[in-house]
Structures are given as structure tokens and as C-alpha cells.
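Undergrad: Before I ask anything, here is the structure I am working with.
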Amino acid sequence: MDSLAGLVLCGVSLLLYGVVEGAMDLILINSLPLVSDAETSLTCIASGWHPHEPITIGRDFEALMNQHQDPLEVTQDVTREWAKKVVWKREKASKINGAYFCEGRVRGQAIRIRTMKMRQQASFLPATLTMTVDRGDNVNISFKKVLIKEEDAVIYKNGSFIHSVPRHEVPDILEVHLPHAQPQDAGVYSARYIGGNLFTSAFTRLIVRRCEAQKWGPDCSRPCTTCKNNGVCHEDTGECICPPGFMGRTCEKACEPHTFGRTCKERCSGPEGCKSYVFCLPDPYGCSCATGWRGLQCNEACPSGYYGPDCKLRCHCTNEEICDRFQGCLCSQGWQGLQCEKEGRPRMTPQIEDLPDHIEVNSGKFNPICKASGWPLPTSEEMTLVKPDGTVLQPNDFNYTDRFSVAIFTVNRVLPPDSGVWVCSVNTVAGMVEKPFNISVKVLPEPLHAPNVIDTGHNFAIINISSEPYFGDGPIKSKKLFYKPVNQAWKYIEVTNEIFTLNYLEPRTDYELCVQLARPGEGGEGHPGPVRRFTTASIGLPPPRGLSLLPKSQTALNLTWQPIFTNSEDEFYVEVERRSLQTTSDQQNIKVPGNLTSVLLSNLVPREQYTVRARVNTKAQGEWSEELRAWTLSDILPPQPENIKISNITDSTAMVSWTIVDGYSISSIIIRYKVQGKNEDQHIDVKIKNATVTQYQLKGLEPETTYHVDIFAENNIGSSNPAFSHELRTLPHSPASADLGGGKMLLIAILGSAGMTCITVLLAFLIMLQLKRANVQRRMAQAFQNREEPAVQFNSGTLALNRKAKNNPDPTIYPVLDWNDIKFQDVIGEGNFGQVLKARIKKDGLRMDAAIKRMKEYASKDDHRDFAGELEVLCKLGHHPNIINLLGACEHRGYLYLAIEYAPHGNLLDFLRKSRVLETDPAFAIANSTASTLSSQQLLHFAADVARGMDYLSQKQFIHRDLAARNILVGENYIAKIADFGLSRGQEVYVKKTMGRLPVRWMAIESLNYSVYTTNSDVWSYGVLLWEIVSLGGTPYCGMTCAELYEKLPQGYRLEKPLNCDDEVYDLMRQCWREKPYERPSFAQILVSLNRMLEERKTYVNTTLYEKFTYAGIDCSAEEAA
């Protein structure tokens, strides 16, 4: 089965290769391959094709490594539109020897043609420049001895020695015999005397087809078309590669003298036509002279009776017809065939008819038509359509008329990027023709805003339908209003007025509205615009309030609600609808007296999820509540947690992660670990009562110790059965923990003689602790998990964030700035508790600009701790080009002043918003047709800079926790640098315990719900930052409150795609916003994606000013609230 799959994949890749090669007619002309003192050249031609990527000429080091390394001077061939050229003058003849290639690309696939040049004064000369054989052929590669020397002869393959001939046995014709040639035998073979070098070597290239003679395909089982006039069957496509001077499906049609190319449109412009030109085509053809010429230099005319490339074809003309050395037999009227042996209607080169030069179409389905004449009439397989990107299409429908073949193609979705030159191509036995035509794809109009609901009743809605503004191309021909109750099918009505009343609606029902615009032309109806949701008024009672659904037992759920009070004198009751999500037919409706506030839903199935809703009915039915969901309790033990992984192991900590299966009423997770070799009763249990948590950091572990870790799931029945234990071994003791003596010595210096007494007491206490440690290990581990962080302490030159840990960390040493070396200038930033000032500082004897951060007088203790924490983070991070680096710090009168790099262009958010040139300088925007002073490349560079910096932070195991455009600074040369490390934490998982202002719009779901922060939550924030970059500083979730975000994000709602954003960039954002943290990409993966986008030079962020352009909204009050 695997081999069959591999065969299919091989076939697909080969088919794609053939399509690409068929879309580009690439030719390499090697003028005078035997180099003497005359000028010589290489010319690479993309005939009849306009490639998106430039064609190139280079040295082929794969074929020949030990050749000159000098770069080639590649220039445009002024005589042709799409051609490159390399010319060597006489004085550079010594640097020419070697192997070369010409390369073109279509849709990312490369087509490479190879050739060689060698000295005419070489000791040996090859019989031919290239030799093409089939797999299994017996091959003789021969070199003619030109110079006689008393030296051994040596033969190389691809620069590696393979054979030698003693000096007294060197024949006039030096041969290499290869019986039953295989593809691995292919390569460049060279011959010289042992005392020679590259300049005296002769080269020939052997090409071995992957298949046996007249076979092609992935498994070489399909028969080749018979290729005439020495054409070569391509082993991947079965098509004939025609030699220069012939064309058509079987290469039977001869071109006019001195012309070449797939459609014979190219011409040799010299006085003697194609003399001295060696034509090289894609493998497996190789190189040959043009038709009518032979010899290594292609400067010898064919003798009488011979024609074709290298004059290898012989005329056998019947009826005494003339043999032309360029075209072969010239048949009289009424005769045809290679030898004019067939009587009948002469073949006519195909012609493309009735194809306009320009076509305008709407985006969507497109059915272009190609019509061709000729004899014989082209078949369906002989007509193709080539898109601007090189994609080759086959006809979807085909028919014949009296004089024409008509091919109808289908493009399921044509888009504006498909605009450009398309090519209709016809290739028959009578020849080949191509006709380019231009297609302009118009963007279908789409409203930018949802229709506004002015008023509603229980059965109507008054709607403002405005088509302005809209995205896409006009003019607007018609408008349709689509409407439907939620979860039902759409209906529509055509409207002409902007204010429209929609009647016959259902009471108290959620409806959705949107508008569809249409422009002139077939398929001119655009995609419906944004959806507006509204609810019609109620004519019944509202649903019960305070509904709660909880499991009661394995077969029962308990539904409760608040007491119901109505103004109606009619009797009322509560109708409860219960449905199983696993068994669709299991549905029950229960009537409950109105004076009750609960109902027990019994006779249910264990471990099954149910959905419940309720309404209050009188004589009229009331409004249904929202659906509630709950599982019945499990009747079996829960399964063992799955995908258990242990990672990020240090000398005292390790991260444990897992996943659980839904439906087993799992209420908590138990992590049990113990030192290897200790008794079972000496284990430590950590119970996590929130079953949605899927990772936990073990702390307080012993260095260089092996632990056994077990994880259990617990539900109403009990704990899951034990599975195999996972082994964990901590790293050796880190140096940071071993250098505590320095901190104690500093304390001794400060406290003096009194400190000596404290040290003695402390040492005695530590000794006692060490003795008791084995007995109280469980209590110590539990205490470690619940430690809190005390106040910040700092002294000049050191920083200590003391924590109630087993071992206090060393004070962080920071570079000290002298207070007198700081000259303050302007305030450049200010917050509620801090201030940033521009200053000139003196550091290491040099004056430089810096940004100085300090806390205000009324800042809280937590704010001071976070500020000192930022200095600690910067010290530990070290230097990186994409973070704001520390210059130094200074303590003055009890306040800490932090000096960091000065970013002359400010923060990224303001920088992006200032680029909105349509708002700041409309005249400039209109004149330059741009909506921003920043290009797509610059915006992607900002994104890549931040990703690179965050990758560095994650490698250092730091979590930023406040990643947003406002906290990115733009430095010299417009390099983005990550700043504001006040909330950063140097650990894999951080649980926030203090209350404070939170950046809600940038926070991940797990951070909002559980206050848990990881590198994965930084990835979520990065996705929002990427959205800010693309939207040029828009406010995330503009128009939504924080409360709405708490509700909608868990339901799958995400930021919408900016209109100027490519699908690939938005897909990267969506990957960052995946609900499960472990499914989000790492910063290293994000950086790889962005670097690839930068290399492709594609416009991923469109800043072109199109009609009806609008920027993403900005809501400063919402940003402050976050």
C-alpha cells in the first residue's frame, strides 16, 4: 500500500513538472562552445512567455566543482524581450572553461538547462557536447585525441576520477564503455592528460532517461508518442521535445529556415542564420546544432542528402522531391509526410480565431473559449490555456464545427491576481501556435457595513439599507436584502429605496440581515456584506431567570431557576425541553407548575451530554431561554490522562502537561511524584481541582535526582487506574544557587559585627533544616507551591527581589550610572505610576541619548516591585538587537532610575497611526495612490523583528505578558524592539495573584479565565499585535466592551480579517488564536513563515489606495479601559 501511495505521489509530482515545463519555452544558446581567441557567449531565452521571476545564468557547480568562482556579468539581451546574456571578450578566454546553466521559474518550479564550454586547444575533444540515451542502453562515451603527450590519460565524472589509461596505451579515440546505462551514470565526463588541468580538459555530458526506449510515466509503462526528426520523448510527460527548427506534437512540422522555438517565432539574426550556435533544451534533450548544421562548433553545413540537427537525418524523398538541409523533403502539392510518401490534403499549421485582445470579467466562475482552425483540426488534448502564473488548463468542454475546433475552459474562481496575459495554445502534428490575450478581473462589490435596524416590532423591522461605502468595483446595478431567522435558510428581496420595512416576521425571534450588491456583467453579484443581528419584540412572557443546570447523579440532572412573578392573571407553567446530544431521537418536554423553582430530570443515561432550555407559558407560548448543557455523572472510573509530557526540566523544576477525555465527569487531576528508590508512602500529591488546566510546574525538586511521576484523573466514582510511571531526572545544581555566599558577605559588610551573629544563627538554622529535610519533604514541597513574593530591595549596584524560597537568589548586579552623568531633557512618556524622560548620559566615557524610566511618588508597592523586576529581567536577558537593551541604572534618594536605549521613532502603535497618510496628508495620499507611508515589506519587517525578539525571550524562558504595539519601540534604521518588561516573568508558567489593570484585548483565553500566562499566551498576544500592524494601528475588537470579549472569545469569536490583508497573513493570526495553547505555533515557526513571505516579495499587506478605502477603527477609550 505504501509503495502504491508513493507511486501516486511520484506521478503527481511528475505531472506538475510537465505542466510547468510546458508553460515556459526556455532555450539556452551556446555560441562557440570551443573557446579560442574569439568572442563567445551564452544567451538564455524565455520564448513567447512573460515570466514573473527573472531568468538567470550561472555556473553549474553541481556538475563541475573545481571551476572558476568569479561571478558572471549577466546582462539583458537588447535584441529580445525576455532574454539574458553573458559575453566573454577575447582577453577573458582563460576564465571561460566550465559548466553553466540557464534557469527559469514558473509557479515556484524551476526549469534548468545545462551546457559547457572548453578550450579548442584541449588535449582531447568530445565526439558530442551532450549524449542522450535510454535506461539500459549500452553507451560508449568517446574523446578524440588531439595532442600527443607521453603521459597517462585520465577520465573524470563530475570532477571525480574514474579511469586512467597508461601513456603507451592511449588510443586515438579514448572511450568509456557503460553497459546497461542507469540514471546514476548520468553526469559530466571529462578527459585530459594526468599532467593537465581544467583548461586542457574536454567535457561531454551524458543524459540517461529514467525509462527504457519509447517508454514514459512514473513506472515507465506508458508508450511514447513517436517523435519525428530526432525529437526526444520526455520520460515525465510523454511529450516530444522538438529539436531547434521543428515544431508540433510529433516534431514533424519544419520551421522556416533560421527560425526556432516551440512556435518557430524566434529567429537567428546573423548573416549566416544559426551557424556557430549550439542550442540547448531542457533534459532529456540536451544540446545540438540547429537544423542544417553540424560539428562541435555547429559551423559545418549538412552534406547533400542530409538535414536536421547535427545533420543526423537522411532524406529519402519520393517522387524526386528536393531535399533541403533545413527542412528535409519539400513536398509538391498533394503530397505530404517526411519522405512525401503520402498523398492527400496538405497539413496546415493551426491558427487561433476570434480571440479578442482584452476581456473584462467579474471575479468568480469564468469560462474562456479558444477557437482554432488548421488541418487536421486540433483535438481536445491539443488545446490548452495558460494562466499568468503558468498554470496550464485543459478544456472542460469541446466540440467541432465545419472549420474550427472550439475548446471551452472552466476556472471555478477567477480573482484580481489572475488579471494579466493569458495564452491560448494549440499544438498539433501540423505545428504549434500561441495567442496571448489580456484579462482584467473586476472585484465584485461588497458592503463594508451591515444594514442598520431603525425600529422593530413583534412582526416587522424598519431597515436602513445603504450600499455606501462598499469594497470592490462599481457601478452598483442592484441591491438584495437577505434575511433569515437564526439557524434557518436565507430569503431575499430586491430593494431600491434606502429605507425599507420588512414585514411578516416571527415574534421574539433572532434574525440576521445582510445586503448583496451587484455590478454589470455576467456573475456580477458580489458576496453578501457584514451581518446585522436583531430580535423582534415578544408577545409572550420572558424565559425564567437564573437558570442553572447541574449533574445530580449518574442518571439525573437538576435544573433550577429564580421564582417567577408575572402581572398576568392567567395561570402559567414552565415548559422544560430536554434533548440528548448523543442520541438525536431522545427528546422530552416536561411541564412544571409555575410556583416551583426546580425540576429533576431523571431516567437519563450515564456519561451523556444533554441540552436543556425552558420557557414560561400561559395561553400563549413564552420565549425560549438560551440552551444549557451538562453531562450526567460517570458510571465508571475515568480513563488515564493522555499525551503526558515532561518538559523544561531544570535543577529544581519541571513542566508536566496532559490531556483528558470529555464525558467522564472529571473533577480534578492528581500529580503524584516521589524520588526513585524511596518507599511508596514517601510520595508527594498535588491535587488540581480545575480539570480544564492541562499543565503544571513541579517545583522544589532536588538537583540531579530521578523521580517517578504518575498522573491520575478523579471523578465521582474514584481515581483512574494507574498506568506506567513517567521518569524525570532533574539537572545538576545551577551555579546561580551555589553563589549565595556573595549576598551574605554583602549583608555582613552592611550590618557589621551584628551581622556576624545573624550569620551564625542562620547557619545553625540551615544545618537543622538539612537534617530534618528528609522527614518534611512533602510539607516543604506544598509550601513551595504557595509562596508569595515580598517587597523589593535594592542597593547601589545590586538588585534583590527577595522571595520566600528555599534558597534566595543572588542580588542582580546591574551597570551603575553616576547621578551627575545624567542630563535630563524632555518628558517623552507618562503613565499612571511612571514616567519616561529623554536624557543625555555618559557611559564608559561616551555621551549618548537614553530613555530614563522612573516611578512616581505615589506608586504602589506592587508597582515598585514590577519596576525593579523590569531591571532584573533586562539584566538577565542580555543584549539582543530586537529588544530595548539596558544601558545602566542609578539609585538616587531612594528612587531607582532605569536607563535604556532611546528609540527616536517612538512606539510602534503611534508610528503606525502616523503612517495613515489619507488622514494626515490627503493630497499626498491621492497623488501617490497610497493609504500609508509604509510598504508591505516594512510592515512585515516590523512583524519579523518582534517575532525574532520574542523567540529570544522564549529561549530565555521569559514570559512578556503585555505584548502589544504600544510596547514595541521603533529604533534606528526602523528596527522594532520589544520594550516594557515590567510584567515579564522568568518561568514557563506564571499565575497572576494580584489584581490590577489588564490588557484584556491582547490576552489569551487561558489568561482571561485562569490568570495563567505562558509563552503560548504571548503567542496569542503576538497575533493581536500582527493584526495591529496590518490594520495600521487599529484598535482590536473596536466597538466591543471587555465584558463582551469575556463572553464571545470562548465561543470561537476572533478578530476579523483586515480588508488589506492577504489570506496567508490572516491564517498566521488565526493560528496564534487557537483555543488550545499547545496548538499555537512557536515564535521560531512564526519567524520562519514571515521570513518566507519577505523572501517572496509578494504584497501581503495592501497599502494601495483603492476606491472607498477606510482605515480600521481606533477607540482610545477602549484601549485605556483594557
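Keep in mind that glycine also has a Cβ here, set from the backbone N, Cα and C atoms.
Remember, it's a predicted structure, so these values are computed and weren't measured experimentally.
Reproduced below are the annotations present in Swiss-Prot:
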BINDING   ILE828, GLY829, GLU830, GLY831, ASN832, PHE833, GLY834, GLN835, VAL836, LYS853  ATP binding site
DISULFID  CYS211-CYS220  disulfide bond
DISULFID  CYS224-CYS233  disulfide bond
DISULFID  CYS227-CYS240  disulfide bond
DISULFID  CYS255-CYS264  disulfide bond
DISULFID  CYS268-CYS274  disulfide bond
DISULFID  CYS280-CYS287  disulfide bond
DISULFID  CYS289-CYS298  disulfide bond
DISULFID  CYS302-CYS311  disulfide bond
DISULFID  CYS315-CYS323  disulfide bond
DISULFID  CYS317-CYS329  disulfide bond
DISULFID  CYS331-CYS340  disulfide bond
DISULFID  CYS370-CYS424  disulfide bond
DOMAIN    44-123  domain 'Ig-like C2-type 1'
DOMAIN    210-252  domain 'EGF-like 1'
DOMAIN    254-299  domain 'EGF-like 2'
DOMAIN    301-341  domain 'EGF-like 3'
DOMAIN    350-440  domain 'Ig-like C2-type 2'
DOMAIN    444-539  domain 'Fibronectin type-III 1'
DOMAIN    543-635  domain 'Fibronectin type-III 2'
DOMAIN    640-733  domain 'Fibronectin type-III 3'
DOMAIN    822-1094  domain 'Protein kinase'
SIGNAL    1-22  signal peptide
TOPO_DOM  768-1122  topological domain 'Cytoplasmic'
TRANSMEM  747-767  transmembrane segment
Undergrad: For CYS302 (disulfide bond), what residues in its own chain, 6 or more apart in sequence, show a Cβ-Cβ distance under 8 Å?
TA: GLY292, TRP293, ARG294, GLY308, CYS311, ARG325
Undergrad: Of the stretches 44-123, 301-341, 444-539, 640-733, which racks up the most C-beta pairs under 8 Å with the domain 'Protein kinase' (822-1094)?
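TA: Ranking 44-123, 301-341, 444-539, 640-733 by Cβ pairs under 8 Å to the domain 'Protein kinase' (822-1094) puts 640-733 first.
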Undergrad: What else in the chain is close to the domain 'EGF-like 3' (301-341), if you only count residues 6 or more beyond its ends and a Cβ gap under 8 Å?
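TA: Answer is 128, 228-230, 243-246, 252, 254-255, 257-258, 279, 288-294, 347.
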Undergrad: Please identify, from the recorded positions CYS315, ILE828, the residue with the sparsest Cβ neighbourhood, meaning fewest other Cβ atoms within 10 angstroms.
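TA: Minimum Cβ neighbour count within 10 Å, taken over the recorded positions CYS315, ILE828, occurs at ILE828.
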Undergrad: Take a look at 210-252, 350-440, 444-539, 543-635, 640-733 and tell me which one has the most Cβ pairs under 8 Å to the domain 'Ig-like C2-type 1' (44-123).
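TA: By the under-8 Å Cβ criterion, the domain 'Ig-like C2-type 1' (44-123) pairs most with 350-440.
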Undergrad: What is the three-state DSSP composition of the domain 'EGF-like 2' (254-299), stated as helix, strand and coil residue counts?
TA: 0 helix, 19 strand, 27 coil
Undergrad: Could you state the whole-number distance in Å separating the C-alpha atoms of CYS264 (disulfide bond) and GLY834 (ATP binding site)?
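TA: Their Cα atoms are separated by 76 Å.
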Undergrad: Compare the C-alpha of CYS370 (disulfide bond) with the C-alpha of each of the disulfide-bonded residues CYS255, CYS280, CYS287, CYS289, CYS317, and give the closest one.
TA: CYS255
Undergrad: Could you say which of the disulfide-bonded residues CYS280, CYS340 has its Cβ with the most other Cβ atoms inside 10 Å?
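TA: Result for the most crowded candidate: CYS280.
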Undergrad: May I ask which residues of the same chain, at least 6 positions away in sequence, place their Cβ under 8 angstroms from the Cβ of CYS224 (disulfide bond)?
TA: GLN214, LYS215, TRP216, CYS233, GLY238
Undergrad: Here are some disulfide-bonded residues: CYS233, CYS240, CYS289, CYS329. Which one has the most Cβ atoms within 10 Å of its Cβ?
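TA: Answer by Cβ density within 10 Å: CYS289.
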Undergrad: Provide the three-state DSSP residue tally for the domain 'Fibronectin type-III 1' (444-539): helix first, then strand, then coil.
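TA: Looking at the domain 'Fibronectin type-III 1' (444-539) with DSSP, the answer is 0 helix, 44 strand, 52 coil.
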Undergrad: Within the domain 'Ig-like C2-type 1' (44-123), count helix residues (DSSP H, G, I), strand residues (E, B) and coil residues, in that order.
TA: 6 helix, 36 strand, 38 coil
Undergrad: What mean pLDDT score does the domain 'Ig-like C2-type 1' (44-123) have in the model?
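TA: Per the prediction, mean pLDDT sits at 81 for the domain 'Ig-like C2-type 1' (44-123).
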Undergrad: Can you tell which of the binding-site residues GLU830, GLY834, VAL836 lies nearest to CYS287 (disulfide bond) in space, using Cα positions?
TA: VAL836
